[in-house]
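Here is the structure we will look at.
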Amino acid sequence: MEFFNILQSACNDVNLDFNDKKYNQFISYKNLIQEWNKKINLTAIVEDEEIIKKHFIDCIKIFKSSPIGEAKSLIDIGTGAGFPGIPIKILKEDIEITLLDSLQKRINFLNIVIGELQLKNIQCLHGRAEDYAQEIQHRQKYDIAVSRAVANLAVLSEFCIPFVEKGGYFIAMKGPSVEEEITAATKSIEILGGKIEDIMKIDIEDTDLKHNLVIIKKVRETGKRYPRKPGIIKKNPLK
């Protein structure tokens with residue numbers, strides 16, 4: 001129970017219940033990350049305490065954003081090792097979650113995690129966001145889209161906003177210096193039907209990490225031409 005108090009404190013900070021079951025799920029998840037990271041590249045963060053603080057607690061902080069607490073469905077785009085989708089699912093069992101990633105090896109890992117943690121109402125998709133966002137069963141179908149991926153905000157917005165239904169939210173988990181990104185992305189967010197509603201500064205206790213949650217509300221439907229074809233988005237971000 002070495003890390004129980006650390007995780008419980010983080011949950012208390014965002015008004016979430018925490019118990020032994022959730023703790024054991026987090027520890028099993030940590031162990032799977034460490035085991036699989038020897039086979040495939042999941043994360044450069046591999047020590048116990050660093051995984052707890054720099055991955056898990058960072059993801060828990062997304063609950064500071066009120067839309068997450070009310071959401072019934074969520075898609076995590078470019079989820080990688082399952083961040084933030086798996087921690088969200090552990091803490092909010094009633095939400096339906098889709099994890100999307102372009103690398104099959106990571107999807108294989110995530111399916112193992114889902115089975116080992118006995119998570120329900122969660123699915124994995126292998127492929128590109130640009131393709132799935134044009135499919136009727138995914139386009140404008142989710143209350144929330146989230147991403148912790150490293151792409152700039154203009155690019156992330158075109159990947160993510162098309163998945164969100166009108167009235168829903170895209171939440172981008174960004175680093176400490178986000179002002180220039182926001183300035184550069186404001187026009188693209190507007191084109192895609194979004195509007196920046198809030199920017200929340202996040203501190204991760206006992207670390208030097210300072211992050212921002214960029215909360216974007218979907219105020220209009222996304223035009224049919226977006227997202228554009230694979231490859232174009234990164235080469236030529238909307239301006």
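Heads up, the Cβ atoms here are built off N, Cα and C, so glycines get one too.
Copied over from Swiss-Prot, here are the features:
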| type | residues | note |
| --- | --- | --- |
| BINDING | GLY78, PHE83, ALA129, GLU130, ARG148 | S-adenosyl-L-methionine binding site |
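Features per Swiss-Prot, on structure.
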{"residue": "GLY78", "record": "S-adenosyl-L-methionine binding site", "contacts (Cβ under 8 Å, 6+ apart)": "LEU100, ASP101, SER102, ALA129, SER147, ARG148, ALA149, ALA151, PHE159"}
{"residue": "PHE83", "record": "S-adenosyl-L-methionine binding site", "contacts (Cβ under 8 Å, 6+ apart)": "HIS55, ASP58, CYS59, ASP76, ARG148"}
{"residue": "GLU130", "record": "S-adenosyl-L-methionine binding site", "contacts (Cβ under 8 Å, 6+ apart)": "PHE159, PRO227, ARG228, LYS229, PRO230, ILE233"}
ALA129 (S-adenosyl-L-methionine binding site) CB neighbourhood, other CB atoms within 10 A:
27
Around the Cβ of ARG148 (S-adenosyl-L-methionine binding site), how many other Cβ atoms lie within 10 Å? Please give the count over every shown protein chain.
24
According to DSSP, which kind of secondary structure is GLY78 (S-adenosyl-L-methionine binding site) found in, if we only use helix, strand and coil?
coil
